[in-house]
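Read the structure below first, then the notes.
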Amino acid sequence: MVKRFTLIRPDDWHLHLRDGAMMAAALPDTARHFARAIVMPNLQTPITTVDLAQAYRDRILAALPADMRFEPLMTLYLTDNMPVSEIAKAKNSGFVQAVKYYPTGATTHSEHGVTDLKRAYSVLAAMEKLDLPLLLHGEVTDSAVDMFDREAVFIDRHLMPLTRDFPGLRMVLEHITTRAAVDFVRQAPNNVAATITAHHLLLNRNALFEGGLQPHHYCLPLLKRETQRAALVDAATSGNPKFFLGTDSAPHSRQAKESACGCAGIYTAHAAMELYTEIFERAGALDRLEAFASFHGSDFYRLPRNRDTLTLEQRSWTVPEELYFGKDTVVPLRAGKTMAWTVLT
Ligand SMILES: NC(=O)N[C@@H](CC(=O)O)C(=O)O
Ligand SMILES: [Zn+2]
Ligand SMILES: [Zn+2]
């Protein structure tokens, strides 16, 4: 018998759509399967104001194919000098759902990020008061800290004080990669949650070096060792509502990845649900995929759960070697390799 299951349509709580031709090409991959996505604000010119978010949202909706329904949930990029008044404006907009913190220099297009969290304290206080969630790229950028330890050190140095100083602020530790993050989120109060990517659930750091340097497995936070990956699978498949799906699908051109100074980011939107299904199936937890993908995130963001459904079938297909995104080509995760599950459309 063919193996097949149906779940309430999922949402992606951490997504990079980019802009222009790249966005127009990437968008259908997400919109085909997900009802909504939290759209990251790290464009070349970061989305630092509600007006910029509105214009970006309009561009996304204009690029959406006529036969697709999709709701982009917008975010603002926190900077050292965001005016406190922008928070009330964001809350009242109805389309800005969160504010994103990037430590300056931590990742792609983070040059405008926050230099010292203390500088953002009045904005964070307004977010706490108005109940607008804070999303964290949780890594320190201190060059004295080993690249593989940057998430754990961020938790000690910054996240613990943040949760003490803003006990009412909803926070999402994005794209977690370590047992330290899993443990921290588990013991924290319910205002603290985390997203988990498919690639951090599937791959450990060996994937960066298998048979030679693998730039298409380079992302931030870096892939970690096997024991850490296993802790993430435990968290994702545990049924704990603090953990939910966020692909961090992040397209970069082949040229930008296969370079002497390659960009961080892995493209997974072409096969996101199929990848998560593989992980949950292997963990014997297919019955918990729906809550992770379709309930926990909307509950945390206090948005209604979706009503329509998505069906997956155990049928193999081959991922293309590359995708044509405007003038760029993007090498997706699993390029040229086989997927075990297919979304029925
Ligand atoms: N995850 C990544 O490696 N890259 C993301 C940025 C981010 O989420 O840190 C990107 O925008 O390319
Ligand atoms: Zn990030
Ligand atoms: Zn990201």
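Keep in mind that glycine also has a Cβ here, set from the backbone N, Cα and C atoms.
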Given TrEMBL annotates H137, H175 as Zn(2+) 2-binding, which of K91, K100, K118 belongs to that site as well? K100
Zn(2+) 1 binding in TrEMBL involves H14, H16, K100; of D183, D234, D248, the partner in that site is D248
Based on TrEMBL, name the residue from H33, H252, H270 that is recorded for the same substrate site as H16, L17, R18, N42, H137, L220, A264. H252
For the recorded Zn(2+) 2 site, whose residues are K100, H137, H175, find every other residue on that chain with a C-beta no more than 8 angstroms from the centre of their C-beta atoms, and list them by sequence position. H14, M40, Y101, Y102, T107, L135, L136, G138, E174, D248
Listed recorded positions: L17, R18, K100, D248, A264. Which have a CB under 6 angstroms from an atom of ligand 3? D248
Can you list which of these binding-site residues (H14, R18, N42, K100, H137, H252) have a Cβ closer than 6 Å to ligand 2? H137
Let me know how many other Cβ atoms fall within 10 Å of the Cβ of H137 (substrate binding site). 25
Among H14, L17, K100, A264, which binding-site residues lie by ligand 1, judged by Cβ under 6 Å to any atom? A264
